[in-house]
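Here is the structure we will look at, set down as structure tokens.
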Protein chains: 2
Amino acid sequence: MRGYLGRGSVFRTLANISAMTPRPVSEPRPDEFGRPSAHAPGSATVAVIGDGQLARMMHTAAIELGQSLRLLAGSPDASAAQVCADVVLGDYKDLADLRRAAEGCDALTFDHEHVPNEHLNILIANGIAVEPRPSALIYAQDKLLMRQRLKELGVPVPVFAEITSTEDASAFWAKTEGQVCLKTRRGGYDGHGVWFPESEEEFCQLVSELTAKDAPLMAERKVALDRELSAMVARRQSGEVRGWPVVESVQRDGICAEAIAPAPGLDEKLEAQAREIALKVAEGLGVTGVLAVELFEAAGEISVNELAMRPHNTGHWTQDGCITSQFEQHLRAVLDQPLGATDATAAVTVMANVLGAAEDPDMPMSERVAHVHQRFPQAKVHLYGKTHRPGRKIGHVNLCGEDVAETRHNAQLAAGFLVHARWADQDADQAS
Amino acid sequence: MRGYLGRGSVFRTLANISAMTPRPVSEPRPDEFGRPSAHAPGSATVAVIGDGQLARMMHTAAIELGQSLRLLAGSPDASAAQVCADVVLGDYKDLADLRRAAEGCDALTFDHEHVPNEHLNILIANGIAVEPRPSALIYAQDKLLMRQRLKELGVPVPVFAEITSTEDASAFWAKTEGQVCLKTRRGGYDGHGVWFPESEEEFCQLVSELTAKDAPLMAERKVALDRELSAMVARRQSGEVRGWPVVESVQRDGICAEAIAPAPGLDEKLEAQAREIALKVAEGLGVTGVLAVELFEAAGEISVNELAMRPHNTGHWTQDGCITSQFEQHLRAVLDQPLGATDATAAVTVMANVLGAAEDPDMPMSERVAHVHQRFPQAKVHLYGKTHRPGRKIGHVNLCGEDVAETRHNAQLAAGFLVHARWADQDADQAS
């Protein structure tokens, strides 16, 4: 029995085929080392700024679409650079490097949000199709601007305020009765740049220290959340938008540990609202490519936590549990090509992250993978080619199944073995 | 409703985890152009001899497994070379080039059968894990040896004979009452190297001409076949074997045009027999990696037509319709790692090849893809980055569905549009 499949949905479609005419195709040219960087004749080349696992996984999607990527990478052994033919070495904060990467490409996109918008505006002025555009990206870069804009759009966000002084801090403490989450406006991720002060004194002390370091700050009411959700959509310039089933995102220590698709037991009205929010954000902010809207669910209500305008950790399950993966969809969207179906292909898909342990076990990773494959032949292991660091995202496991509890249990066991080289359900001395 | 899923099957599993200990991992080194060819730390590197679409699609599987490939490619713009970081340029018939590609790799495998076995035996003597081994490959290279060996194993093959003279030809003509298929023993593919003489004179004439060119020949009884099937399995050195559901393979002009998974209406006993044959061939010939056994179905009986010891066109459907694709499975098998589940994930999956038309339409391929994606958001388009040539395999479309006829119809329409830039079900002047 197939059960509930958590159908994807088409929010907008295009009647007019002429809107799909692709951009002209780029010419080959030699790479850094004089190797002729051949791309498929007649197909598009997307430049990706960034060399992490998101770029790496975009490349697998590009290959199957008959395309290939050009990377702007910081080093030749970075996650994505290991597996791409056309790699430009450089700094994503350097305009000349960005220009080299963009030259002759059909679209330019990102695996992170840290490229200076002033550079991107220059590239756009020079005719480069930067997707998503700085006019949208600014809301994924600045948490305060994002909340201000979402509030204008009528999208629910927790009570928030800009914090520039200890006076602001005290006022916000009083307003929220001490339920405070302090955030840097820019650059935070995976729990970095987020604090939960337990007293007004601690809050003011933090604000003093951070403002002294010129860190722009904001605060929002700490939500007593039941769980976190993620609503993802893709939008292309011509206007088509498609959404994936809403997933539950399980965080540990501020880092995504699991995603469960579709979100188990999610109220239909809340699911519809989550989808509607993602659509409204994508259209209201003019996002192109994939958009992840991270949501809080609390007491039967949802509000927006964060936005990401790129493939997102909570969308990795789509590689094995969905007709069109977020990586393929992102490429299609940034090239303004028609989007793919987003129906789930299994009753439940669980994604469990592989996060570097405090100490890396002696067993080589390839042997850990062998153990996982031996025990779970149905597990799909995705590794990023990264060296170990405690807490670092080095891979994930996708597992499809019929039953949420069983599928979660097995996905956790599999990811746990890749981290610790032992099975969480066996005594250490029984582990093989 | 999920319907019949055509479950994959485990033929052999391993109780002993120690058999899975992977081989040691290779060190990075610079490529042809001085670019440091970084591979993922702690993961395996597989060298692939060949630069076609099979190598290209192995690379997408390698990336997700945290591995990467080293290619021995004939040119930097070949299908797989476009998308791989570590490319050795050279000739697969040259031992020195093979050595350069093999150096430091954990296993060496192929996207074609044309590497001289004497070179491979030298590599093996030098400690390289060549998979599959020449002792198996010889049966995928020589159609006569294959049939002789299969007959010994008790595997059904059509009546055959070695043909070295017109006397042999006349004798075989008489024996088969003129039902003759003449084949070159080596090097034929996609209908090349196969003839169906319509008279004894024509047969003898062909044999005279071909033997004069030193082409080793064999003949077999022409089978009045109902259809062709393909039974695929993967086997690793430690002995584990897993098979995929048996598919129907639709040929046009001697070239695979479609694969339908699972084979519609296949008799249960025949399916079991097809699986049993694939297992027997894999074990009997000591195949490692993926094995495709192409079968004739005629009057309720099956017999072996050809073998391929690598991922195969009739297995491309596994990319989108199966838990483990043939490309991932091949890499796992040649590294002697535990194999993945081979259950189908859809009731039916149809693969339709994109074969270059007599004349290439003016519409750029990326625009054709856009039209296909617009009409069939559920279609998975795979392109190989190849230039047009009439009849050349330049891509394929996978489509999953519930109903065989509808799914075939749509897959044919999609592949047809990629070939002809028009819809077969619309008048030319209605096509958009």
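Glycine is treated like the rest: Cβ placed from N, Cα and C.
The ATP site recorded in TrEMBL includes A:K183, A:E220, A:R221, A:K222, A:V223, A:E228, A:N305, A:E306, and the single candidate from A:K143, A:K269, A:K380, A:K386 that the record places there is A:K143. DSSP assigns A:E306 (ATP binding site) to a strand. Under the DSSP three-state reduction, A:K143 (ATP binding site) is assigned to helix. On the 0 to 100 pLDDT scale, the domain 'ATP-grasp' (A:147-335) averages 95 in the predicted structure. Shown in sequence order, A:P158, A:T176, A:Q179, A:V180, A:C181, A:F196 are the residues of the chain, 6+ apart in sequence, with a C-beta less than 8 angstroms from the C-beta of A:K222 (ATP binding site).
Using a 10 Å Cβ-Cβ cutoff, A:E228 (ATP binding site) registers 23 neighbours. The least crowded of the binding-site residues A:K143, A:E220, A:E306, judged by other CB atoms within 10 A of its own CB, is A:E306. In this entry, ATP is bound by A:K143, A:K183, A:E220, A:R221, A:K222, A:V223, A:E228, A:N305, A:E306, whose most widely separated C-alpha atoms sit 18 angstrom apart. Under the three-state DSSP scheme, A:E228 (ATP binding site) falls in the strand class.
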